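Visitor: Annotation comment: TrEMBL describes 37-54, 66-87, 152-176, 188-210, 251-274, 286-311, 382-401, 407-428, 472-496, 508-528, 540-559, 565-585 (among others) as transmembrane segment. If you look up TrEMBL, you'll see 538-588 marked as domain 'Cationic amino acid transporter C-terminal'.
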Amino acid sequence: MLCQALRRFGKKLVRKHPLELPVAETAPARSLSTLDLVVLGVGNTLGVSVYILVGEVARDQAGPSLVISILVAGLTSVLAGLCYGEISARVPHSGSAYLYSYVTVGELWAFITGWFLILTTFAHIGIRIWAWTLFFDNLFGNKFSLTLQETFLPQAPGVFVEILGFIIMFLLLLIMELLTRNIRQLSLVTKMLTLVKVLALGFVIISGFLKGDLHNWKLTEDDYIKAGLNDTSSLGLLGSGGFVPFGFQGILRGSATCIYAFTGFNIIVTRVELAQNPKCSIPKSIMISLFICFLVYFGVSVALTLMVPYYQLQPGSALPEAFLHIGWAPAYHFVNVGFFCSLSTKVFGNMFPIRQQVYMMAKDGLLFPVLTRIQTGTYMPILATMIIFIVATIMAFFLGFTDLLDLRSIGALLVFTLLAFIVLILRYQPERKNGGKETEGNEAEVQENRPAAESLTLQALFFPGNPTPTALSGWVVSVCSSLLVLLLTLLCLVLARWPVLLSGDPVWITVVVLLLVLITGMTGVIWRQPQSSSPIHFKVPGLPLLPLLSIFLNIYLMMQMTAGTWALFGSWVLVGFAIYFGYGIRHSQIP
């Protein structure tokens, strides 16, 4: 009885969402070309991060080596984009990583993914509120808080003035969101704003190469002393000078934070129903938009760190202030216009992803049924938008800008890891009948038709006898992939102690060598298994190496997050598990 109960419980955790009718039969007119999707992806990705995040990371985490952090974050995001591309080609339906997980690996992982996406979207809206606050503060010459205090609360403590500032930003963004909900020309407006901010960033890049000084990549302690920042030999938070003032750890920490800069491309997968030829255009537009964004981020990082010594970058206004530093005052206003356009493109339609995510999970029975009304009627979406903004404003006030960035980044990295894991497993699975829906009859048929010679032996692991995937080879890949994720996690934990490894400690070096041997062996087992030959428009090249590299980079960057970030994230996960195991698993709409 206990075994049967556990088996039923396990089946509930991995039950999969059946796909509905093909999109072509029910979708509205397909109007988005590949170019439209690329503009959408670039517009949603090149936002607040290029104006605020770049300066924050350069000043406090990486210094001029920010360019390496951008390179690592870009590589990590490109690998994730490849995985998004293959899964979107396999499941050409509008949705997100939540839907992809539900269709491919089962309910528990889908809930975890959706729960992570809700958190990261809340964090993203909180970052937007911070960004608008910083923008207006800079617009008033860094006197926004002072102006509020003199006008409204002359005798109030600073904390109340800060609260008032967040309330004003909340009301402003809420009004802008509600006013733009039903604009029919939204796509044209987005294109125009995206063009302006790309032109502004192009101007920044060209200016950096014209007015940059390579000496800013070779700063020493004497430069700090001459600038009046240090009169002792201790540089404190300014680092140790040179191109890598905060050391290798600073590069890694900066890479983890910079992941946020590339997370906007996933909006493309929510437009499948409007895309022309989605199986081809969705993967292509994801890769093109990521490549464009990487070039822009890399160019801006090089230009900024060449124009201004990293320790003189102003928090919240690094790019505009850089032109005041080099004496180009008129350019300051032009770059601020680009900053405004970047913030504005994030307003238009930004509430849709989080409302859609909550609606999908509630419709599937994983969240409370009252939440299905979040996308229906006239007043419920407005009320939902207000509640979302209130929660995000509270998060922005209590957590701060850096904490919100880290929460957004860690959630994105976990979703990227899951997508790479899905791609790794799906490529080696046998074809399923009836659109991937499994029934007891199908399972019995598979068992009856399974060849008698199909048994797990050492020879079968490295020399499988069937050129096409079988149930056994698919099971082998699933087990090996799960073990590889565990081994890669252990390897990342050990590599996080890299100063000890560099000291030549034989114990830790032996552990690393053993882990690498096990990882290599299991990777070889997966590589020897037959892959699915189903024709799809886009496949991740280099399996199983690229998905495994993606998993490794994602986990290693997550190791760079602070303990406080992990505590916040762990609390969110515990709340999610309480909801799922207390309600969702019993009310799921999937039989």
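The backbone N, Cα and C atoms fix where each Cβ goes, glycine too.
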Visitor: Do you know the DSSP helix, strand and coil residue counts for the domain 'Cationic amino acid transporter C-terminal' (538-588)?
Guide: 39 helix, 0 strand, 12 coil
Visitor: I'm a bit unsure how to read this: which one of 37-54, 66-87, 188-210, 472-496 has the highest number of Cβ pairs shorter than 8 Å with the transmembrane segment (286-311)?
Guide: 66-87
Visitor: Based on Cβ pairs under 8 Å, which of the stretches 382-401, 407-428, 540-559, 565-585 lies most in contact with the transmembrane segment (472-496)?
Guide: 540-559
Visitor: Report, as numbers and ranges, which residues of the same chain sit near the transmembrane segment (565-585): CB under 8 Å and 6 or more residues beyond its ends.
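Guide: For the transmembrane segment (565-585), the list is 12-13, 107-108, 111-112, 115, 119, 365-368, 399, 403, 406-407, 410-411.
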Visitor: Ranking 37-54, 66-87, 251-274, 407-428 by the number of C-beta pairs under 8 Å to the transmembrane segment (188-210), which range is first?
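Guide: Of the candidates 37-54, 66-87, 251-274, 407-428, 37-54 scores highest.
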Visitor: Along the domain 'Cationic amino acid transporter C-terminal' (538-588), what average pLDDT does this model show?
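Guide: That region's mean pLDDT is 91.
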Visitor: Mind pulling out the one from 37-54, 251-274, 407-428 with the most Cβ pairs under 8 angstroms to the transmembrane segment (66-87)?
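Guide: That would be 251-274.
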